[in-house]
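What follows is one structure encoded as structure tokens, with my remarks underneath.
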Amino acid sequence: MLNSAMSVVILAAGKGTRMYSDIPKVLHTLAGKPMVQHVIDAATKLGAAQVHLVYGHGGELLKQTLKDDKLNWVLQAEQLGTGHAMQKAAPFFSDDEDILMLYGDVPLISVETLQRLRDAKPQGGIGLLTVKLDDPSGYGRITRENGKVTGIVEHKDATDEQRQIQEINTGILIANGADLKRWLSKLTNNNAQGEYYITDIIALAYQEGREIAAVYPARISETDGVNNRLQLSRLERIYQAEQAEKLLLSGVMLRDPARFDLRGTLHCGMDVEIDANVIIEGYVTLGHRVKIGAGCIIKNSVIGDDCEISPYSVVEDAHLEAACTIGPFARLRPGAELLAGAHVGNFVEMKKARLGKGSKAGHLTYLGDAEIGDNVNIGAGTITCNYDGANKFKTVIGDDVFVGSDTQLVAPVTVGKGATIAAGTTVTRNVADNELVLSRVPQVHKQGWQRPVKKK
């Protein structure tokens, strides 16, 4: 069916006392981003014309964190219930648009479920998302008459017969803007809590003869809310299990799906293998036949075909061409670039540095602000000294250079093609092509040398 224009209201004003945190509840992260951002993303993908975010506790931190110019911020200074929150947003509703109500602490709601809810909303009626639970204790029950939804009864107000009902209210609903504003204006707070409940509009709509259509989510976990860290950790595992399942079914080999975390977006080629305890963050692309070892962290990086990242390496904002090998225990920081066949070994760190085709930095090395040519050997313990305490400077190393162990290159400095830097050298001046450079204290031999002994 053809959907009307739609705006979304996200309720995010609660403090989240049971989180025991100074951070607003909806800013606690799931899969690397705030819970409320998951909900905003779903609303955006659904095609919302406007997203109204109802906020209260920690509003300034919310604005600093989300930084979304498209959000309409609606202040609920005093939290007097879900109906009160919607009343605050109501002045922004257009009469001819549908309004979808979501929650900032229900992060797993899917676009597919919301689209089915949107499609099911009757003309002039309400679309309501409900679920059936084996143990519905504490939840508002959905009452029906001849199969039609007639209202929602809170658990504390329900009769013994009504408490046997397993269908409960999730709080997620959609209705026309004009109808919603009218029903919201009729809400009262004549209850023990002195709050305005959005659930009361169901009975108001039924009294007007409006149809209420109930829709079930694809998975019950989509409607699970978060009130404490235990619930958040459970949703994290549910989310990660779903992501792992999708990857496995698409051909990615996860050696232990229960110990894999995806905190962003991952694109994989054919025959990719990922070992246990790997974390993927941001936007990551893995080419064909890439192997990621145990305990690695890959963030916002492109890894070319046939690359192998050995265990416990960290790769962030880096670009690797085909057939590169990394680690174990290597760190590629932002701006690291490896050309085809390059190798970075254990305890090597790179930042804003390019390592040419077939070049190697095998052990215990720092390469920062450096441009290194093809077929270069960087010996163990080499350091590009790029910082003078105030400014950064660049080191340039040409093709086919051999850099011996324990070398310091004090930038700015250029080493020409084919040059050889002897072990233990400190390079402070440019080196010409094919030169040998060495700077060492002369080696002294003392025959019959006696070591000092401790005095008794």
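Numbers here mean position along the shown chain, with the first residue as 1.
Positions of Cβ are set from backbone N, Cα and C atoms, glycine also.
Fair warning: this is a prediction, and the values are worked out from it, not measured in the lab.
What Swiss-Prot records for 1-229 is region 'Pyrophosphorylase'.
Long-range neighbours of ASP105 (Mg(2+) binding site) (same chain, six or more residues apart, CB within less than 8 Å of its CB): ALA12, GLY14, GLY16, LYS25, VAL26, MET35, VAL36, GLY225, VAL226, ASN227. According to Swiss-Prot, the UDP-N-acetyl-alpha-D-glucosamine binding site annotation covers 11-14, LYS25, GLN76, 81-82, 103-105, GLY140, GLU154, ASN169, ASN227, ARG333, LYS351, TYR366, ASN377, on the basis of sequence analysis.
Annotated Mg(2+) binding site per Swiss-Prot: ASP105, ASN227, in sequence order, evidence recorded as sequence analysis. The DSSP secondary structure for ASP105 (Mg(2+) binding site) is coil.
The region 'Linker' annotation in Swiss-Prot covers 230-250, and the record cites sequence analysis as its basis. Residues 19, 28, 30-31, 35, 107-108, 221, 224, 257-258, 260-262, 266, 268 of the same chain lie 6 or more positions beyond the ends of the region 'Linker' (230-250) yet place their CB under 8 Å from a CB of it.
The region 'N-acetyltransferase' annotation in Swiss-Prot covers 251-456.
Secondary structure at HIS363 (active site, proton acceptor), taken from DSSP and collapsed to helix, strand or coil, is strand. Summarising the annotation, Swiss-Prot assigns active site, proton acceptor to HIS363 and lists sequence analysis as the type of evidence.
Per Swiss-Prot, acetyl-CoA binding site is recorded for ALA380, ASN386, TYR387, SER405, ALA423, ARG440. Its Cβ placed at the centre, ALA423 (acetyl-CoA binding site) has 15 other Cβ atoms within 10 Å. In the three-state DSSP scheme, ALA423 (acetyl-CoA binding site) is classed as coil.
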Worksheet item: Among ALA380, ASN386, TYR387, SER405, ALA423, ARG440, recorded acetyl-CoA binders, what is the largest CA to CA distance in Å?
Response: 23
Worksheet entry | Secondary structure tally of the region 'Linker' (230-250) (DSSP, helix then strand then coil) | 20 helix, 0 strand, 1 coil
Item to complete: Just name the most isolated of the binding-site residues LEU11, ALA380, going by other Cβ atoms within 10 Å of its Cβ.
Response: ALA380
Practice prompt. Tally every other Cβ atom lying within 10 Å of the Cβ atom of HIS363 (active site, proton acceptor).
Written response: 16
Discussion item. Of HIS363, ALA380, TYR387, SER405, ALA423, which is closest to GLY104 (UDP-N-acetyl-alpha-D-glucosamine binding site) if I measure between C-alpha atoms? They're all recorded positions.
Written reply: TYR387
